[in-house]
Amino acid sequence: MSYWGCMWLVFLGSVNRANIFSIIYLCYVFIYLWHGLNIYYKPLPLILKYWNHLIVQNILIIVMKTGMQVIGCFYMTIIPMEYCGFIKLFGIGCVRNFEHSEYFDNLHKGIEICRVSKSEMAGVEWDAAIFFFLMIQRRVFCSYNFFHIVNDAKAQHVLSARGANILDELYATRIKKMKDDERKVRQAVETKLTKLVNNQKKLQGAYYKNNIVTHKMAIRSADYYMFDDNETDVEEQRSFKQRDEEDLTKRKRGRRNLISLFGDMVDSNMRTAVKKYWNTAPNRKGVTQRDEGGPYGFAERVIYFFKFIWAAMDVLIVSATEFLGRYTMTYDMVRDVLNKERRQLKEQTDYDVGVRVEGWWLPRASFEGLIKNSKLPRPRRPPKEMSSTDLPAIMKLMKALWVIIVARSDLLCYVCVIMNQIMQCQLITIPLSIMVYLWGMLSNPRPSKTFWIIMIGYVELVILLKCIFQFEMMPGNNRPNAKTEYGPLEIVNPFFPSKFMGLTTMNLYYIWEMFILMAIVIHRYYLTNIGLWSTVTTSILPHSLDGLYAMQGGELVKVAQNTPTGSTTDEYIVRSIKTSILDQILLSFKTIFFHYAISFRQFHQRLLMHVYQEASDYYTVMFFFDFCAFATITTLFPVFSEYEPKASVWTYVSTSVIPVRYVMVVFLHFICILIDRAIYLQRSLVLKLVYHFLHVAFVHIWMFVLIPNFINGRMAIEQPAIVAYYIFRCIYLLISAQQIRVGYPSRIWGFYCFHKCGIWNYVNIQGYLLIPFLFELRSSFDWMFTDTSMSIFDWFRMEDIYTSVFKVKCLRGIEDDLMGIPAVKKKLIYKCVYGISLLIFLIILIWFPVMVYSWGRVAGQSNRPSAATLKFQFGDAEPIYENKADLYALSHIEFEYIKQVYNAYDISKEFLYNYKHTDVEVLAFRTGGKTWMIRLDEKKRLLKIINGPHPLPVRMSCKVILPAREEQKVIDISAKKMMFPYSTSRSDAAKLIEGEEVEHPLKVRYLLPKFLKIEQRGKGNVVNVLMLPESDDDDHATGSRNVSFRSVLAAEQNGRVWWDISEETNDANYEAFLQKMPYGSAQSSHLVIFTFSDKIVHSFFSLATGGSIITFYTVFLYVVHGWSREIISKRLNMTWLYELSQADVVYALCKEVYICREAGMWDLEEVAAARVFFMMKSGETCFKLSRFHGIPYNPSTYKTLPTVPRRT
């Protein structure tokens, strides 16, 4: 550990300073990290020699940095600026760690000098720490304990490939057993169905030959005689049943048992449950009634409550430990075997004696050879040590966590590579991801030592290049690379080569590559310990037989034993042929090409042959992450295509304007899902491999070339949606590579929900059936890409039957897990848990619309206006007044004062108490408008209308703009009042238009709204409940105010006027309310309008609460009631299916169809399908034919059916 600690300290000391000395340190540390612990295989004097070189280099660097302080502190002012690059290269600067002095500041005053940043300055703090740890490690090399360390490394070297051999043998045994089981099941089905076909031919005779000539006739030809073997030939059905029982036993044992613990508490009490769990209670005969459920005191209840909590925690800890141990069981076994063999190697052999090749130590024999040739006596058996089974539960969990991290440390390396690519989005690190997806994950049976060595080398190269590009003299660091023609969004060009590659100045540039290096070093150390570092690779091609061979034409050719193979004389003729250097170069290239071509061919053969891999089905997980990526880009596409998204997918749908780019991208992803499904159904590894290569290339071009171009170079880490999309894609690619590496299983029938029977599978299959067109789409697609003899409609019928039978199987599994013993009254606590839960759920469903409608109005965010405009005009002429509002928000104290003003009026108070001060906005408009820019001819026309016999409308229009959440909403509130002919107001209006003075301003009643309500749906209404009726005779009040108009002649004296508009203040409403309210007292300079805005909630609830509550309530209740009635009441027609006594029989018959289809036995597939269709013709037939042997009444066996006469 001291060696690795010293190396990481040297690494940190080098990357934290950007100068030429850091490059020297990095070169040294990378050489040592490259070799790892293999440096121990060198002779000790050579190890010390190399280490002394590093120490001397460290001392020289300290001396040089100290000497350069003289230049940095005293001569920096006389160095020309042309040499600034060299100054920064060596990190020359003045490190002043002592107290401040004005002497150095006076030297630099008024002079332009080259200043080195703190990160580049050549300080000696890190160098001193490096020197200290280098000397400590040198003392370790010189200690006696180091010889034991070297011996341990030699023992690991001897066993470096032993773990791989053990794993290969174990996998070979498992694969052989799996293939034998599949072969037995297939043979049993084939034998049984062949026997049925032969019986059918014997019974039907000439009828079979003459009439069963089409596929549909073969399907309909089933009869009762096809089920005579149910009691005698059920080996295959028993195999399925036995496997299901084993799965159920594993589930029950794996729970150890949280459900049982709570079940015992529900059935009895907490005390009995705790005693039963800890196995401290006496046997059933010794348990008295008092022990079972007798009363006990409060103190004992508290004690057993804490004991019960501890038991539940222990269940969770044990379950988590067993879950983790399930994935490390194989590696634990290999580790135990290697520990035993390592101890045997050290005690029985002289393993440390080896040979040296070019200075490197190599063992003189393999482990088997050393054990076989050992002459040392076998030692006595060591005393039994403490086992891991004796550890506490929490320690077992911690150990299991550590073991799974170490055992799957290759995944840790891959995760570090993926996170590095996500966090930095650099082109230079893409080869690491490519190596992971196209080499590491595709290596069979595991990644080779070459892969990890090349990964280490490339990461070290990336860090070295990044360190070099931290210098300011490098391209992209000393100039902004501006793109001024594209505007301010691209001040720095994101596609400048060095920045696009990731070679630019940045803080902690090394951090993610350091994590990758640490993960790979940990993984290499684990592989060395477990004997997986050196894998013995063998060719998949057939081996040559023993015998005598001769070289002919560059190939080995077997010859007979008596064939002479050479001359028997002692005279030899040696001929030398002179060749050119070009021929030697071409021969070298040819040798190198053939070497790597053979290696690639062997890699491809091992990948597709699957000699040491157990086939598994990963399509479900692949589809899940592929669908997650598809859903992400479908719902959040604007993030992938715009720098700052201004719209959403919901905007596309609501406006019925869908971009072509969006359709193309989503359709391409959908096609990729279908292609992956087609390859899975065909089980073609070659097509999957080609698709995997293309997918890797497409994802990285899309993520790191196209998307940065769409979003103007923004990093993906700035957009969580892009990060999530890439993570889903990376997980998909990892699982896809794993699927290629292990191969497809021989049986891939059914949906992913059909692999096990339980409550989770039942919920999944129900959800799958609820999605519109999914069942039809999947079934038709599967029929298209699956080899079968069935027609598409028979295929749909078979899928429907299999789905229904599987749901029954899931329900039976749920019964086995949760239901109790028969003839026992349900306890009160049981009824409370299940009954109250169901009642609460139904009550929530009934009252859900009301709660949504109520909470949608109260909860949420304030939606106050962001802008407003007010406009007045006579008729259709140019508006006489148009102005924008000044917005003011009320404080909590001001709003409370308004409530006090209306405290005596219940209706008004009720309205105000529905809002908060954050929902109220004050719109203040200046009374003076702009100059009335009306044309002369239009002015004459307006005067003619005013003086004419027709009514003149006076219009008010107020536009309120709400803040944009998805799209900006504009609310238009308008009012119109009529001025009738031959009235004083019309004559006054004519005078005002001409710019003449009048005795009283022009008054228009109820034109200006004082209080506005902004609804959640984006509509505005005038509020009347905050105003009193104008007289006692009026029954209803109005929320509008009287307005006075007055014209003022413009200063230019060109006949133009501007209008001054004010609010009347001589009525009862003003005296009772408005003059007491903040901003309510009419001022000579403003018109004031109060807005009350309903809160807005999420778009889903806004959609629900935006319409009528009656409509929403009716639709919701009908949908939910129909769904609940379908589940609870309408299962009467399917009672015969849900109450089958032996659903396993029908389930096994359905599986026979898939077995025959996967085996390519098309004639037997028809027979198996005919049996299933005949059994499902009616409930009586299915009930009668699905009984197992042993039931007293079974008409299919013990009852002779009467002969039915044929109709004429």
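Glycine is no exception: its Cβ is also placed from the backbone N, Cα and C atoms.
What you are looking at is a predicted structure, and each value in this text was computed from that prediction instead of being measured.
The domain 'Piezo TM25-28' annotation in TrEMBL covers 3-206.
The feature domain 'Piezo transmembrane helical unit' is assigned by TrEMBL to 407-533.
Residues annotated as domain 'Piezo THU9 and anchor' in TrEMBL: 616-854. Note on the domain 'Piezo THU9 and anchor' (616-854): mean pLDDT across this stretch is 83.
The feature domain 'Piezo non-specific cation channel cap' is assigned by TrEMBL to 891-1187.
The transmembrane segment annotation in TrEMBL covers 20-41 (among others).
Sequence annotations record features per position, and here TrEMBL assigns transmembrane segment to 53-78 (among others).
As annotated by TrEMBL, transmembrane segment applies to 304-325 (among others).
Taken from TrEMBL, the feature transmembrane segment applies to 411-439 (among others).
Taken from TrEMBL, the feature transmembrane segment covers 451-469 (among others). With a cut-off of 8 Å between Cβ atoms, the residues of this chain six or more beyond the transmembrane segment (451-469) that come close are 14-15, 18, 22-23, 26-27, 30, 33-34, 413, 428-429, 431-432, 435, 439-440, 443, 476-477, 498, 502-505, 509-510, 513-514, 516-517, 520-521, 523-524, 527.
Residues of the same chain lying 6 or more positions beyond the ends of the transmembrane segment (508-527) and with a Cβ under 8 Å from any Cβ of it are 4, 8, 11, 15, 33, 36-37, 406-407, 409-410, 412-413, 415-417, 419-420, 423-424, 429, 432, 452, 455-456, 459-460, 462-463, 466-467, 470, 533. Annotated transmembrane segment per TrEMBL: 508-527 (among others), in sequence order.
Residues of the same chain lying 6 or more positions beyond the ends of the transmembrane segment (618-640) and with a Cβ under 8 Å from any Cβ of it are 646-649, 662, 665-666, 669-670, 672-673, 676-677, 680, 707, 710-711, 719, 721-722, 724-725, 728-729, 731-732, 735-736, 738-739, 742, 748, 752, 755. Annotation source TrEMBL lists transmembrane segment at 618-640 (among others).
Residues or ranges marked as transmembrane segment by TrEMBL: 660-680 (among others).
The transmembrane segment annotation in TrEMBL covers 689-711 (among others).
Summarising the annotation, TrEMBL assigns transmembrane segment to 717-735 (among others).
Feature annotation from TrEMBL assigns transmembrane segment to 832-856 (among others).
The transmembrane segment annotation in TrEMBL covers 1100-1120 (among others).
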Can at least 3 Cβ pairs under 8 A be found between the domain 'Piezo non-specific cation channel cap' (891-1187) and the domain 'Piezo transmembrane helical unit' (407-533), with each pair 6 or more apart in sequence?
-> no
Other same-chain positions with a Cβ less than 8 Å from the transmembrane segment (20-41) and lying at least 6 residues past its termini are 3, 7, 10-11, 13-14, 47, 50, 54, 57, 61, 64-65, 89-91, 122, 127, 130, 149-150, 153-154, 157, 360-362, 453, 456-457, 460, 463-464, 467-468, 517, 521, 524-525, 528
By DSSP, what is the split of the domain 'Piezo transmembrane helical unit' (407-533) into helix, strand and coil residues?
-> 82 helix, 0 strand, 45 coil
